[in-house]
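Undergrad: There's a structure below that I have some questions on.
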Amino acid sequence: MSEYAEKTCVRFKERSGERDYVRFSEDRNMRGAEADVGRGKGETIIKFNTKSWSRSMVLHELGHTLSLIDEHMRPDRDEYLKVYPKNALKEFRWVFEKFDYKDVNLLGEPFDRKSIMMYEMGYTWKGSKQKPSWPVDVYCSFDEEECGFKWWRGSTWKLITKTEDEGGYLESAISNIRGSPTKENPNIWSVNFHGLSPFDTERGPEGCIKFKYLLEDQIPTQVSLKLFKVDLRAPLDLFPKSRNYFEIWSTDASSYLGVWSQVSIRTSVTGPFMLEFRSSFVDKNTKGSVKIDDLEVRYTPCKRPTHVDDQLINGKLSKQRTLSWLGSMKKLLPCSSSLSGSSFSSRMSSPTPSFKKERDES
């Protein structure tokens, strides 16, 4: 009441026998609060559930008593808001009906999104308590496309699309090189993956990177594969620092040749990151190859991990680094305009028809 008195010409006093008055009443069966628009004759009641009692709620209900309507019910609200009544609970859809111009006086005031009479976002939504859905888990079969993975010209890497008999994977082989090799250790890198929101309590902080690989060569030590996880300053970081590359997995002498093997790596997903595979061939004349298939990036822990990111074991992931990318976004956003429409950045963001191969629950 004192706030209204400080900012308007309205004054409140305690009742001293007046016939017309306002009474605050407790109702523990209510969801929040309730008040009629305008003060009638006799007793006008404002009902509250004291468990929901708050400064903003009292100011809002007092506003109704002073004849103020909900801001989103203004007759001109469609010029400022897009309302989807079907998304609201049935018993609250009436809340989104508009007043008629003949029933209200806007006093020439424009729509005010910050008004105390404006409902908060998500009020009465059917899905206001739904589980977090962004960023989404990613799965790629490589049956039809490379899913945003990139490599240098002259690299050993190429996409082998799915046919009736074989294919549907990424392959690194000396025979794939056209022209002079560009790098001694050919690499292939993914799109940038978003980190989880610090407010996501349903998933993380650990996630799972899962894929299958196949080594083909006559000698096990002639061909190898490594996976690096690259910590990014922000999801739009196009030039990651070399110090942020961490090897989280590699093949060894015990790796099977000619047999597809499954890898599940437990790692942190609280910050944005990128993945980079590096293949290596000791003998440049080898006919051997490395193949990758069925890549998954999950924002929930691996059920049966085969490997654990050393950064988790060593405790190098601090909260400061986890949240630092949020502050970096503003610096990197100006260079995002030319990328916002790129096809590869959206391809890995959500499932598409080409990512339909069955997968287990590990």
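Note: Cβ is positioned from N, Cα and C throughout, glycine not excepted.
Residues or ranges marked as active site by TrEMBL: Glu61. The annotation compositional bias 'Low complexity' is assigned in TrEMBL to 338-354. Annotation source TrEMBL lists domain 'Peptidase M12A' at 1-119. TrEMBL lists 138-304 with the feature domain 'MAM'. As annotated by TrEMBL, region 'Disordered' applies to 338-362.
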Undergrad: Helix, strand, coil residue numbers for the domain 'Peptidase M12A' (1-119) per DSSP?
TA: 39 helix, 15 strand, 65 coil
Undergrad: Note down the number of other Cβ atoms within 10 Å of the Cβ of Glu61 (active site), including every protein chain shown.
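TA: Around the Cβ of Glu61 (active site), 20 other Cβ atoms lie within 10 Å.
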Undergrad: Over the domain 'Peptidase M12A' (1-119), work out the mean pLDDT and round it to an integer.
TA: 83
